[in-house]
Amino acid sequence: MLSRKDLFKDTLRKAAHAWKRIIELRLSEEEASKLRFFVDQPVFTDLHWGMFIPAIKGQGNDEQQQKWLPMAYKMQIIGCYAQTELGHGSNVQGLETTATFDPETDEFVIHSPTLTSSKWWPGGLGKVSTHALVYARLITDGQDHGVHGFIVQLRSLDDHLPLPGITVGDIGMKFGSGAYNSMDNGVLRFDHVRIPRDQMLMGFVTREGKFMQSDVPRQLVYGTMVYVRQKIVADASCALSRAVCIATRYSVVRRQFGSHNGGPETQVIDYKTQQSRLFPLLASAYAFRFVGEWLKWLYTDVTQRLQASDFSTLPEVHACTAGLKSVTTSATADAIEECRKLCGGHGYLSSSGLPELFAVYVPACTYEGDNVVLLLQVARFLMKTVSQLGSGKKPVGTIAYMGRSEHLLQCRCEVERAEDWLKPNVILEAFEARAARMSVTCAKNLNNFPNQEEGFAQLATDLAEAAVAHVQLIIVSKFIEKLQQDIPGKGVKRQLEILFNVYALSLLHKHLGDFVASGCITPKQGALANEQLRLLYSQVRPNAIALVDAFNYTDHYLGSVLGRYDGNVYPKLYEEAWKDPLNETVVTDGYHEYIRPILKQHIRVARL
């Protein structure tokens, strides 16, 4: 309920307090990250620690790291990541900002030649950042060498005023009331701003203006990308589990219809329509958690490989992280809105916690790569993989199943009874067959076009769907791997097995057309999967509350009257209503000016 100015100042207060505690308690980097996470409000520090520092670590040479990182770690400078422009976001190669080398002064001249070249959207830029990692077209001796990164100081470290040649500000209110409005997403324009030559990352320009790649391999850019995207997948699991926790707890509290002889009405969670919408989302929260944990391992693995100049797994890792970012964020955004609807009318109240959670989460579908664009990147990788199947090059990692494409294109599902769908190997083969067949079909259809790019444009929808099938297979396979680990307690493992089956079979139900059309299962087997799914919902029901309590969210962090741990919903909803500023006066402001004249027929009408 704060104004934008008050909200932003409140955010600065929280960020400063968090930094003070980090210093006082001498928190490790991991502990400090957790503390910032629990501030639970988009804030400039997200970009400073999440993108500015990792980019310098991953892309700067030794001298640049030694110069900039100590200041950044102490927050003597505050940085942001200025890539997206008013006219270009996903198409990085289309960025218009220029960095022209001036050999006479040994400097780069950063310039915004058009209105659409204005940097637009970078978080932390609008009011806080002192420095930015600016992406601009490198121009030396009239030649354009493409987009590179440059460290540029934006504001004075004495009085925080913008430096000469720099126009910077906030881009205005965004979706929601609080949500991302606590972040100073900014606009930035350069008017021939000069920076020293050594502030260019990932490349080297000689004193004479000759451009050379630096000794830092350009592939290290992918290390930063993998880091950011694995964090986004982990955040998807967190946001989804919060929404599911609220909706599940409230579904137990809320009673509607079904009363017999004056007895209590039925708990909403006992209706199959509620279970069929809610329990797959609960299962998805766990599935995303497990694939997020695996991505952390993948990031460590690819980082070690990059440091050893082993770039062999990069194409697969890039496709994997791009696809998982796209699928998990889209699913989570849709799921939060579904949870709001699962809470009925009360879910629309801000005090339910769901409208703000939705508003603060949905940007994830766009930032760090538009979700559809990312799926098409995955599709390109899949098409290249299919084209190499006959070359003897063996697919590895998340595309290893493609090496068995001959079998997967022929195999038929062996399900005869509903319970056959409880076998992980049966589910896995069905998902592998669907993914392989959709990719191979797309590849065959592409060959019908004389021009490959025209084929990609015409078949973009099919290609995106094939990418989704591939990514969903990755999530299913990582869930199975989790179940194969040593999980303490038979009861816990049993609940996870039930959730796995709910996740996989609900996907099969949702995409039944793909599975049947690709020929890997029959319509009757699809009907048996639905039958088994109904039985699984009944097995989730007794432990639904325990499964959301396991997320271990405090009431304070959850921020929802509907999702209270003690279930004391209605008295608290009533209490919250009276806190609204509109209720500060019994007779509303504006009564005498506007309401009373209507009631007393005192409105003066012009005589015509």
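Just so it is clear, glycine is given a Cβ too, placed from its N, Cα and C backbone atoms.
Copied from TrEMBL, the annotated features are:
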DOMAIN    2-78  domain 'Acyl-coenzyme A oxidase N-terminal'
DOMAIN    80-181  domain 'Acyl-CoA oxidase/dehydrogenase middle'
BINDING   T84, G123  FAD binding site
DOMAIN    222-383  domain 'Acyl-CoA oxidase C-alpha1'
ACT_SITE  E368  active site, proton acceptor
DOMAIN    424-600  domain 'Acyl-CoA oxidase C-terminal'
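Counting only same-chain residues six or more apart in sequence, the Cβ atoms lying under 8 angstroms from the Cβ of E368 (active site, proton acceptor) belong to V228, R229, I232, K325. The Cβ of T84 has fewer other Cβ atoms within 10 Å than any other of the binding-site residues T84, G123. As a whole-number mean, the pLDDT of the domain 'Acyl-CoA oxidase/dehydrogenase middle' (80-181) in this prediction is 95. Per DSSP, the domain 'Acyl-coenzyme A oxidase N-terminal' (2-78) is made up of 60 helix, 0 strand, 17 coil. Across the domain 'Acyl-CoA oxidase/dehydrogenase middle' (80-181), DSSP assigns 9 helix, 44 strand, 49 coil.
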